[in-house]
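According to TrEMBL, the features are:
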type	residues	note
ACT_SITE	K223	active site, proton acceptor
ACT_SITE	E272	active site, proton donor
BINDING	E316, E451	Mg(2+) binding site
DOMAIN	202-455	domain 'Chorismate-utilising enzyme C-terminal'
Amino acid sequence: MMEVKEKQFTADLEAAMQSVQTDQQERLFSYTEKINQAPLYRFLEKAGELTFPRTFWSSADEDFQMAGAGHAVELSVEASKNRYQQVEADWNALLKNAVISNPYHMSGTGVVAMGGFSFDPLKPRTKLWENFPSNHFSVPNYILTHTNGNYYLTINRLLLPREEYETVREELQTYRHTLLDSAVYQDNNHVLRVLSKREIAPEQWKETIKKATNVMKNTAIDKIVLAREVRLRFHQSANVPDILKRLVDTQSNSYVFAYEMGEDCFLGATPERLVKVKGEDVLSTCLAGTAPRGKTMEEDETIANHLFEDPKNREEHDYVVQMIRSTMEAYCTDVTVPDEPAVHQYKTLQHLYTPVRAKLQKNHHIFSIISGLHPTPALGGTPREDALAFIRDNELLDRGWYGAPIGWVDSNKHGEFAVALRSALIQQDEASLFAGCGIVEDSIPESEYEETKIKLMPMLSVLGVD
Ligand SMILES: C=C(O[C@H]1C=CC=C(C(=O)O)[C@@H]1O)C(=O)O
Ligand SMILES: [Mg+2]
């Protein structure tokens, strides 16, 4: 730390510790400094060596990345339908009592909580997701933020009464030094050898699709999203920073995220934004309706035109637009939605895409919007409760955090959540991958199966499957 900055840090820390001693009440201390360029993946690798749980976020469309190490504070509430409101209440209480030293107010600096929710708090949890409760947020001890070409380090530490100032100062300085190791990150070329790849009950999945289309023919249900799992086993433990780097390098227009709990790491590269809030500006996105990429530019364009015109994909997409529009109207003003979707291209596929912009009403927060939006018909179905009941009763999979909101909020009133798609639960030398499809009345099981295969491709390829 440069000398002037170090003086500022020690003065702020000492003042915060004194207030904790005086009140005899624990308090979160948060200190942000601007630093020289620091390698994010190296930071994550070092964090792993120190056995800090790691978090990672890379934006789909902005120059913005955050790497987190450790859990200075954890927020987790009971599994219930109003879990969003309770997390929001805990988050507000935490901020109210925090001592924050952050002159920059840049997104993702200061007190930042990263975390997520499970897809369905009412579905019984299986052993697969035992490390991931219905919701979990953490304020990392150390956050390296890269935004618009600048780097920031935030240190968060819960200060307890009776702690020694010197001990705390030394602890923070030592970890800071170790994590900001300036060595260049080497993708260790740990090319993973895949020992086995097991598709979990693909034929039964297709049968469930048939059942869903029959139910839709005979009831008021219009759309049900059904997902499936693929399980891999490697010759050695997967290396999280390597996987994240490969996802960032190969998956443009996608949010790359990771959240580590115990020995497990949930990570992915998802194209789907759920909601972004910056001050009063709100942006949500409808993404549903899928086609592959073409091998030539002409073929690509023909496929895009066909996707744009295709009634089945347009129907899948329109349910999402209607629902997101009406939910945004409940929490926002000035809701604007284009009349027609665009086609957005990703590495292995194309999606129908409609952005929804709005202004946040004063009494609402990002968590209120999440509670209204999740799950959109891109992951649940229409009508929501009936589709969810069908999924709960018929889908073989425990979705865990797949298909659910994952993201961050900060003390500057910024935040963004994506829908955790194109993701994998890494469990040392094993991994589960997930993919699903929007099923409507005229869905064909075999085509939906093919659609999951292209959705699984990016994650399979970074994990060493051709
Ligand atoms: C459920 C997934 O994708 C959703 C998001 C975009 C397009 C979709 C589709 O066309 O079916 C799905 O609704 C997934 O990738 O696992
Ligand atoms: Mg689809």
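Residue numbers in this text run from 1 along the chain shown.
The backbone N, Cα and C atoms fix where each Cβ goes, glycine too.
No curator has checked TrEMBL annotations; they are predicted automatically.
Features as recorded by TrEMBL, highlighted on the structure.
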residue : record                       : Cβ contacts under 8 Å, 6 or more apart
K223    : active site, proton acceptor : M216, E315, E316, Y319, P377, G381, T382, A387, G438, I439, V440
E272    : active site, proton donor    : Y255, T285, L287, A378, A418, V419, L421
E451    : Mg(2+) binding site          : T290, C437
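DSSP assigns the residue listed as 'active site, proton donor' to coil in the three-state reduction, outside any helix or strand. If you draw a 10 Å sphere around the CB of E316 (Mg(2+) binding site), it holds 25 other CB atoms from the protein chains shown. Less than 6 Å separates the Cβ from ligand 2 in the case of E316, drawn from the recorded positions K223, E272, E316 in sequence order. For the domain 'Chorismate-utilising enzyme C-terminal' (202-455), the mean pLDDT of the prediction comes to 97.
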